[in-house]
Every structure is written in C-alpha cells, then in structure tokens.
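Here is the structure we will look at, set down as structure tokens.
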Number of protein chains: 2
Amino acid sequence: MIFLFLLVSHESVLCFVPLGGCKADWRPSNSPKLIDLLDDTVPGIGTYEDFNTIDWVREKSKDRDRHREITNKSKHSTVALLFSISDAFSGWLLMLLIGLMSGALAGGIDIAAHWMTDLKEGVCLNGFWFNHEHCCWASNETTFQERDKCPQWKTWAELMVGVSEQGSVNVLNHFMYVSWALLFAFLAVILVRAFAPYACGSGIPEIKTILSGFIIRGYLGKWTLIIKTITLVLAVSSGLSLGKEGPLVHVACCCANILCHFFTKYRRNEAKRREVLSAASAVGVSVAFGAPIGGVLFSLEEVSYYFPLKTLWRSFFAALVAAFTLRSINPFGNSRLVLFYVEFHTPWHLLELIPFVLLGIFGGLWGAFFIHANIAWCRLRKNTRLGHYPVIEVLVVTLLTALLAFPIEYTRMSSSELISELFNDCGLLDSSKLCGYTSNSGSTSGSVNATAANGLGARLAGPGLYTAMWQLALALVFKMLITVATFGIKVTDLDVFLKAKQNIRAQASKHFFFFLISTLGGVTRMTVSLVVIMFELTGGLEYIVPLMAATMTSKWVADALSRESIYEAHIRLNGYPFLEAKEEFRHKTLATDVMRPRQSDPPLSVLTQSGMSVEEVERLIADTTYSGFPVVISQQSQRLVGFVLRRDLVISLENARRHQEGVVSVSAVLFTECDPPASPSAPPAVKLHNILDLSPFTVTVHTPMEIVVDIFRKLGLRQCLVIQNGRLLGIITKKDILKHMAQMANRDPESILFN
Amino acid sequence: MIFLFLLVSHESVLCFVPLGGCKADWRPSNSPKLIDLLDDTVPGIGTYEDFNTIDWVREKSKDRDRHREITNKSKHSTVALLFSISDAFSGWLLMLLIGLMSGALAGGIDIAAHWMTDLKEGVCLNGFWFNHEHCCWASNETTFQERDKCPQWKTWAELMVGVSEQGSVNVLNHFMYVSWALLFAFLAVILVRAFAPYACGSGIPEIKTILSGFIIRGYLGKWTLIIKTITLVLAVSSGLSLGKEGPLVHVACCCANILCHFFTKYRRNEAKRREVLSAASAVGVSVAFGAPIGGVLFSLEEVSYYFPLKTLWRSFFAALVAAFTLRSINPFGNSRLVLFYVEFHTPWHLLELIPFVLLGIFGGLWGAFFIHANIAWCRLRKNTRLGHYPVIEVLVVTLLTALLAFPIEYTRMSSSELISELFNDCGLLDSSKLCGYTSNSGSTSGSVNATAANGLGARLAGPGLYTAMWQLALALVFKMLITVATFGIKVTDLDVFLKAKQNIRAQASKHFFFFLISTLGGVTRMTVSLVVIMFELTGGLEYIVPLMAATMTSKWVADALSRESIYEAHIRLNGYPFLEAKEEFRHKTLATDVMRPRQSDPPLSVLTQSGMSVEEVERLIADTTYSGFPVVISQQSQRLVGFVLRRDLVISLENARRHQEGVVSVSAVLFTECDPPASPSAPPAVKLHNILDLSPFTVTVHTPMEIVVDIFRKLGLRQCLVIQNGRLLGIITKKDILKHMAQMANRDPESILFN
C-alpha cells in the first residue's frame, strides 16, 4: 500500500514536470520569438489542405493572439498605434469594399442581361449597344403600342428581309431567337468548362458548406468570379429559367474572398474570412432583390453557420453599401432601391386567412415535391451516362426552352421583364395587355381618368385581360416546370418563383402570388427572411400577417414530408461534411460508441512527449493516414499532454531535417518544453513544443453523443479526444460524427466523403 | 522501472473498474427505474435554488432523455403514441396560447389606458366607461373643432361649476388633472410595493439575465403579471413619460412563464422554458409596436442569449398570433396592425445622407450621455438616502410632470395620442392644429381638395402650423428630459423616443425623427431590429438606406464612448451574473490563473468515488459553501471520475438517512456503480451513482481564458473542471469568470453578487 502510494506520487511528479520544471515558459505568449518563427519561417504550419475542415477554435485563438500582439506593440510607437487603429477599422473597410464591388457588379449584370435579352429579338440602328427601351427612348411616337415599335429598333427579320409577309418574318425571328439563345448557352457552358468548373450551379450549397468550416480552394477565386459574372449574363440572356439570387450570392462571396487578400487579418485566418463571407452572402441577396434587411436575415437563417452579433452588424453595413451602390447605378431607371414597388391597399379580411393557409399547404407540398424531383434528377445525372454530356444537355434544354418560349409573349420575356410587366402600375405610357384598356383613344383617356380616381382595386378589367392572365399563368407554370428539370444545370436558381410573385393587380391573382411564395418557402424553408424580402420587394406592409401565416404553414408541411431544404439536400448529395445545426441529435449513443479505435481495432496511434526518435515518428506518419496524433506522457500511463496535427508535424520534421544541424534519424523528438537529461554524445533533439496544442478538447467516454454533437457544432471542432479517468482512450472526428449520424438515420455512412 | 510499470498498470486497472466491471450498466438510460426514482421519489434533485445559474447542458440533456423516453414508449401503445404526438405539438400550442393571451392583454391595456387618460380631463355623461372619442362618436356636430367638444363630454370644471368664467375653469381643470395623475401614480406605486416588488422597472435587464440562465423566482409569476398589467395602465394614465415596450415584454414573459406550468415539458425544464421566454419577448415587442418581425429581431439582437433557429421560427409564430389577436381587438379603431401607417413618398437625395449621418452621430452622443446620466442617477438613488422614499419620489415626479404638462396641449396628451396627432393624415374629420387649415369653412373645403390632389408633400403650411411645431418640439424635449430623470423609477421605459418619431408631415421635421431614432439606437444599441420596427411601424420602405445609415452611425458613436447598452449597464449595476456575448475576451490569461483553489489556498475539496463515509461527506458539506464537488478515484491520484452538485448531494443524503434502512454515519458513500468487496458486518452503503455527472466539462491548465469564456458562453456552463495530464487541479465557475473579467476591466470584482 505504501509502495503504491509512493509510486503513484512518483508518477504524479513525472506528470508535473512541465508544471514544476519550467513553469515560466508555460504561456506561448511569453515566447514571442517562437510564435514569429511559427508564422514566418516555417510556411504552411497552421494552414489546411484542400477539402478539409478548419478548426474554428484554433483559428479564433490565432486571431486573438494577433490582435493582442498588435495592441501590445501599439503602446510603444506611434506607427504601431496607427497600424493598430487601421487594423481595427479594416473589417469595416473591407465591408465597404465588398458592398461597392458587389453592388457595381450586380448593376453591370442587370444592364448587360437586359441588353442581351433584347439582342435575341432585334438590334438598335442608332447603336448596337442600346437595348430596346433605350433605343426607343427618344422616339416621337406618343401612342402606347407605337412606342415600342420605334423605327430605330429593328427585329432581325426586318433587318434581313425587310418588312414583308407576316409568316416568314415570324419564322425568321423565331429562328434568330433560338440561335442567339443557343449561342449564349453554348458560350456559357464552354466558358465554365474551360476556365472555372466551380462557377457551375447555384453555389449556395457549397457556400453553406464553406461557411461551416470546409475548405474548397478556388471555389471563391478570381477565375470563378470572372466566369460566373459573364456566364450569369449569358445564361439569363439565353432565356434559361433561372434567377440571380444564388449566382449573385456566389459572386459576392468571390468578391469578398478576393478582397480578403488585401487584409492580413483576413487573408491568414480562415475563421475571420468566414465571418466576412457570411456578410457577403447577405450582400448577394441584398443586390439580387434590393432587399438589404432580407439579405441579412437570409444569411442568418439560411446560409451562415457561425453568425455572432458582430457579423450581424457588419452584414447590415455591407448590405446597406451594396444596396446603395446598386441604387446609384440605377439599372432599373426608377431611382428606387426596390425593383418593383407595389402597395397592397385594401386591408385583408379575417376569412381570407383560410385560403392563404391552404395555399401555404399546397406550396409546402409542391416545395417538397420539387426537392424530391430535383434531387432524383441530379442523382440520375450523377449515376448514369446522362451526366457525361453537360454541353449537349444545356443546349437541348436551351433549345426546348427557346422553341417553346417564343410563341407566348410572356414566356419570351426575361424574368425581369415579366415582373415589370406584372408589377408596374398601369400608367399613361404603359402598353401592357394586362392593363386591359380598350385601344381606341377616346375611351382610353376616359378609362385612365376613372382608374386614377378609383385606385387599383376598382379597375375595370378590359377584354384583353383574361387572355393575358391565362397566358401568364401558363408562362409561370412553364417556367416552374423548366426550373424543376434544370435545377442541377450549370447556372440556375430558384427565384423564378420569387420573381413570379405578382399580378397583384387583379384580386384573384393575389392567391397565385401567395402560392408562389409558399412554394419558395417549401423549397428553401426560409420563413422570417422570406417575409422580409417580400416586404422589402413589394412594400406590402398590410399583408405581413397573411404572408407570415402562409410561409409558416408551408414550412410545417414541407418539414413534415422531409426535413431538408433544397440546399441541404444538395449538400448531402455531394457528400460534404456539414453538421446541420437545425436538427437535434436524438439518439442515446455515448462517446464510446463513436470514438476510434473501436474495440476490435488496434490501439490508438499516439506520440509520447519524449522518448521517441525522429525515425519512429516518421514511421508512424507513414503508416497511418490520421490527420493528427494525441501526445501522451508515456505509452503505459496514456495520460494526455496535447494534440499535434499531422500536417504541422510533417512540415516541422522536414524543416528540422533540412535546416537544423545534426538532426538524424535517431534524434529524439521532444514535445516537452524543458530538455530531459540526455547524454552529451546524443544528437540534438528536435523540439516540437511549439506545434503542440496543449489544450485539446476532451470528453469522457460517458458523454452522451448529443452533447458531443452540440460541442462540435457550437465550438466548430475538428476533433475531440475521449478520456476516462484521465486516461486517453480514443478520438472522435467530425467525420466520425457525420458517419454516425448517417448510420443512425439509416443512410449510407460512406456517403460522407470528406474530413 | 519494472515496479513502476507494474504498479502503473495496477492503477490503471483500478481506474477501469467501472469500464470492466459493470459495463452493462453504464448508460443511465438502461436503468429507467433509477431515472424515475430520480425524478419522482427524491423531489428537488435536478432543481436550482433562487438566484443561481442553471446548467444549460444538463437541462438540455434532461429534455432529450425525456423526449427519448416518450418516443420509445410511443412504439408500444396507442395512448403513448397520442401522448407523444401531443408532446411534439405542445411547443406550438404554447406559442399560440402566449400569443393569444399577450395580444388580449395588450389590447386591454391600450383601451384602459386610453380611457383613464381621458378621465383626467373629464367624464362622459352617457356612461363613465366611454373615453372622449367614443363619447363623441355619435355626436351630430359636423365641424372639426365642435366635434371634440360634444355636449356629452364634460370636463371636470364644467361638471362641478358649470360653464363660467374662463380663468377659474382652467385652474379647476388643472387641479383635477394633477389630482387624478397623483392618484393613479400613488395607486401604482402602492400596488407594486404591497403585492409585487418585482413588477417595478422596465424589466428588460432582468429578463435578459434570466434568459442567460439565471433564476429569479417570482419575477415572472402571476402576481407580477397582475400588478404589472394594472400599474402599467395606471402609470401610462398618470402621464408619466414611459412607453409600453419594456413592460409589455415583461408582461408577455409572465404570460409565457405561467402558461409553461400547464406543460410538463416546459414546467420541469429551465432550458426549454427559456426558449419559450425568448419567444415571449418577441411577442412583447410585437404587441407594443404592432411589429411582429421587429419583435423577433429584437429578441434575437437585444434580449436572447440562446436563440437557435427553432426558437426563431416559434418566436415568429407567436409574434404573428399576438399581432393578429391585437388586430382583432382593434384598439386603435383603424383595423390595421400598425398603430400609425405613414408613407414617405418622396425619394431621398444622395446629399440628404450627410444630415442623416450627422443626426446619427448626435443621436449616438445623446444616447451615450443618456445612459451615463441614467446610471449615475440610479447609483445615487441606490447609494444615498434618496432611494428610501420611492413613493414620495414617484409622487413628486408625477406632480411635476402633471403641473408642467397641462398648459401645453401636446405635453398634456398621452404618448399614443401625441403620435396619432403627429402621424395621421390630415383628413376631413381631423381637428389637429398641425394640419394648419384656416378655419373659415369656405376656404377649408377648397384647401382640402387642393391637398387631396397635390398629395402630402405639396401641402401648404397654415399659419397655425409653426406655433404647433414649436410647441411640439418643446413637448418632445420635455418628455425626453423627464425620461432621463425617471428611467429607474418603478414603471417606465424608453420608447417615448420611438413613439415620438413623427412629424413627417413637414419635410424639415424628418430630421427630428431621424435624431430620435438615432438616440434610441444609441441608448439600446439596436440596429437591424430598430430599422425593421421603424419599417413596420411607418411603412417607410423608401427610407431604409438612410435609416440604416443613421442607426449604424449612432451605434458606432455610442460604442466608441462606452460599450454597454442601457440594459447591460443596468445588469452590471445590479450585479447580475451575465456573460456578455457581444464583446470578446481579449486578455491572455490562462485557465490556471482563474481556477480555484489559488496557489496559496488549501487544496480543492473533492469526494472520492469510494472510501468515504456518510459522516465524512456531511462534514465536507458543512465545512464548505461550494455548490458542487468533483469526484476522484482517490485523493492520491486525483483522477477525475465525475462531478456532483451540492444540492443533489444534500437531498440524497437526507433522503437516505430518512428512508434507507440501516444507514448510519459510518456507512460508506459509493459513487461507483458496482460494490467493492465489503465485510458483511458493515452497514449498507449509500449509493449515489445516479446523482453523479459522469461527463463533466474539463479544460487543461494551459487553455487560454478566451477559449474558456467561449465555451461557457456557447454551451451555457455553470462550472468547468481544470485538469493537467489527467490530474484534477481546480475548478472554474461562471462567477470566477465574471470576477476575472471585472478585474481585467479594472472594475470591482466584488460587484458580481450572484453565482
């Protein structure tokens, strides 16, 4: 008994070597030289490999160290003080730049797409760079119908064969329309394939994954930005059913990522950069819809993983700057921030809630179906030969779209024009059939006066209105179907739903609008952000309660059918390591059930804090593929000292072999800070204390997995060590957790591809 | 060396007793009897004492266990299945009830306050329960001025002395006005003192603290609800400068807390109840301003501590129901959700941004000054004899307010009336001087027609307008000053600023509005939520960019002067244990610097997993005041097994002494699950394995405090154990962290009063 006591005390003395022996050197911050060395002379340490997950805790620690160092230096010299101040404001400056750049790009995209869409139908003789509206701006014609047909604007048929018999003109126009569409689509798909494969798709699933801490190098690079911007214009112009929301979020994130390179604070720190990217996704939505607050909420509700209040304020600022820039560019020519300003004037009645809620239910059902169909299609494309011919696929879809779209006036328009058509008030200069005026001029002026007096609600429906409505409904359904079929294609998105939210003119079509909103809610599972976007887009303050009711119902219904939004479904389809924050982990497994090694496996590969040679460590690295190794006091006691990452270890050993004199295979590798007594003849030891993480996260074997999952989610961990009574027993990585969750949900655990 | 090895292995065998020995019994869920026992037969275990902090992780675990148990049972019988379904929907049902109750109460408060405010000036002869407006509703008078002076409505002077000379009437009216105000204020303060001391104050600082995990019993009880509702009406009616925002948030939280008692899920679980309370604060703001989305954002940005997406959606739903209920009650008689619907019609110009930003700066400065002045006043009241006479203080303030307020028409009105006056469009039936019509009827009808044609912007300012504007500005400044002086008083709040946001009629006074918004931003440091509330309140979609610019500037300026919002300043003044989530911990201390025991202190009080007797444990409890004890394998090895809470330990030991046969002082206390071999003559052991937390949170001594603070914040811990190389060295509690933070910020660490 006494022996035991003595020896236990002896062991505890051993354990305490760092505590007793070199206490003064505990804090990493007391050895600034080491940190500088770490940052500067051994490049690569503290960085991550492609398709890996970052360690949020470590990144945030690094940033705090950096900040402290700057603050400390600032007390000594004026230059350092100025640097410290500029560092403090660099976050806001970066936000300003992102806002300006994204706003400008979005404005440019709007203008270019508008011009190229018109180019499909004809060209302006005054200058080919004018779009239809600008071309006819200075026209002298005063009647509505004539104004759109100004002599400066020629359709392709008029230009080529002159004004002749109606039939051949139509055929020729149709042919040119289809040809241009095919050309645009072909250019878009070729550009994406040749220069920036990452520019394909909506981009939101990937951005969501990146924001959760994953690394996809080049996804937000300059080539992606350039190609995505160009192809967005091309794809919108080609008439494919897609919106700008997703691509613009991607574009804004690319801007943010590129601009981050000019600020050391953000270039070097993956966690800080993700805060900036969260704000950038708010900017994307802000410029897509002219809805800055909706953008912030979209980032919060739908995209972001880690969204502290500081990021909220910065997003708010960046979204504001972007919206302001866009407004200054004024691509819609109405000097308003919002695309289409509409007011619902009539208060709604209590009973109306019933149809609204019913529409919410239908929308939710349709949304769930949409996700299902879309994923099924994408999976088919992924698993069969269908996916091998993307260029042909895009061209076929474009051809079909263009062929079908041309005959009906409303499908021929771009989404933006369609909305304008539906949304803008019937004014004196409006030639839309939806306004339904009779065309003889005498009765026209009378009806306009009557309308102005009676307000929107009391407008008389002209004979053309019903035809127009019917065509419109067909156009919208057509766009929706096309969207289902093409979601996975290179450049496409969802907000055709969002954009087709109008026809508020006629009381009956309000219901159609609610159905579309509900569908969007069912597809993306947005609630608050969707209502706010609608709110900002239309100014429909009166309808806030019905809108909330419809979106909430839609979310409930869709959630009851499947828990995943379209973005999450795509994340899962691609096997990204995304730890969903919405759903709680409900199973009663313990950490011991998930940790590696399993009971049948060989024991955990660990390093000891002293006593291993360079050769032994290198052999361990070569034999295993783990991305990190725990360091223990000794193989016998398995008492945890710290954790070292494989990448850091490899780089440091290579560096030591190359630059440190006298390091040979039998040199000792030391993770302690003070040298153990060694014989003077021994080769110099490799000291790796500076790459050792002395505060690894630990849980006990008894910790329920629900708590482990919670810790991983909230702290953004990469791995966590499992101990029992002070002994190291195993390790749990993010991938282990995701695999375990997949297994518990009866899915294939091997679908989780990345670490 | 071999000896060491052998004995180390021996020790590790010891450590593994629970793992090897009774592995089957590891999981608490495998022993449902024990859990039932825990829940039912030993009341008090798992609950908290007053003025203590909850352990979020433990509470959430408890809820998941509960949920799992219900899910498991539901597979066996239909009744259990039905129960399981009702349990799943109980959260939404609760939200529905909270929305209905809060909406109804808010409607009642509005109506009652309106009536009692009018009662100060006169009474209706048709029935004393009619307010001025309802009384004159049926009046036959058609001119504007006459309509307000219908014969059914008598001022007190008219009633008592009849219509006689002007001077004495005015004096008598003034006297009655002051008397009623004093009576209302006296009633309010007496009710609060006698029945519900917690009903005092704005309530938001305390609710913020409660949401962060603190327990203040009775703060959200039924008495507080009843008294707060009554006194809110009384205080508003007495003419004190206060708004409904804070008190209505408090009222909604009381409703939520009371309704929680009807749902086991929420009654028994402090963490789940806080989720409901977060939603309730959204409801409070939703009914205070008729701004459901603003309410949700207010809860997110300003009040809540833990706000997952699930709570976001529920808040959204509850706020929706409440807004809908309020609208159905229709206290403002305009069948609109919003109090005052205003549209800014003219687009703003770029240059206008400069004054808006300047106003933001002034607002921020004024807000920071307000906080400073208010806190200084409250501290004075707290530390001197001034605070001993609250009744007199309230009466003096009421007397002064009433005396000063009566002469000017605008200060005499209640805040709500003032806003109506400022906000509503000048219609045909409006008698407001601010509309500035000349009073002869011929020109009136002419000007009305002209106005209707020209829209709001082009309205000609009548001669009365400037006088009215001047009086109005005076009234607003007066209300603001009064609010500074009285913030700490029993029932008061801030949103007089918010409510005084108008006079958009005249272009110049738009700037006054922006100043007020900025001030509110500076005081509360809200940004997104403030803009959205404004947005919902006024429909001012056009002005979203300037509003964002002004609030953001205001926040920056105010933050530069002091980091705390008014609510946080009050929390600190009261010494509540609130771990601020906004500000990062920037110092470079380590866990070892903060943990107890300090180096000079006696070693940590620990329990051993076996080998202690009941008497020894009881002595340890009696000798210390710690709220929990770590359990280790043995005093020598200090290897951590788990953590046990003092309260649970005391209750369990008492229970064992009382109910378990043969337990005496020398009985062994066992925290292991399997009995160690004991002599048959020994008294039966007390087994306390079920109260032992086997997965306590641990950090190493090297862990930087910034990470520890982060863990505490994000996971909501109460305490955390500090280990080094598997040996338990110390403990860090939330109070330790707060004291450390206070020390680092050069504040008195003893100002943190609670644990």
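Just so you know, glycine gets a Cβ as well, placed from its N, Cα and C.
Automatic prediction, not curation, is the source of TrEMBL annotations.
The structure displayed is predicted, hence computed values, not measured ones.
Annotated features, as they stand in TrEMBL:
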type     : residues  : note
DOMAIN   : A:595-661 : domain 'CBS'
DOMAIN   : A:691-750 : domain 'CBS'
SIGNAL   : A:1-15    : signal peptide
TRANSMEM : A:175-196 : transmembrane segment
TRANSMEM : A:216-236 : transmembrane segment
TRANSMEM : A:248-264 : transmembrane segment
TRANSMEM : A:276-300 : transmembrane segment
TRANSMEM : A:353-377 : transmembrane segment
TRANSMEM : A:389-408 : transmembrane segment
TRANSMEM : A:468-491 : transmembrane segment
TRANSMEM : A:512-535 : transmembrane segment
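Under the criterion of 3 or more C-beta pairs below 8 Å, with sequence separation of 6 or more, the transmembrane segment (A:389-408) and the transmembrane segment (A:276-300) do not qualify as touching, having fewer than 3 such pairs. Outside the transmembrane segment (A:276-300), and at least 6 residues removed from its termini, the chain residues within Cβ reach (under 8 Å) are 91, 94-95, 98-99, 102-103, 106, 207, 210-211, 220, 243-245, 248-253, 255-257, 260, 266, 306-307, 311-312, 314-316, 318-320, 322-323, 326-327, 336-339, 495, 498, 526, 528-530, 532-537. Counting Cβ pairs under 8 Å to the transmembrane segment (A:216-236), the stretch among A:175-196, A:248-264, A:353-377 with the most such contacts is A:175-196.
Taking Cβ pairs closer than 8 Å, the transmembrane segment (A:175-196) reaches residues 116, 119-121, 156-157, 221, 223-224, 226-228, 230-231, 234-235, 237-240, 390-391, 394-395, 397-399, 401-403, 406, 412, 490-491 in its own chain, all 6 or more past its ends. For the domain 'CBS' (A:691-750), DSSP puts the residue distribution at 25 helix, 18 strand, 17 coil.
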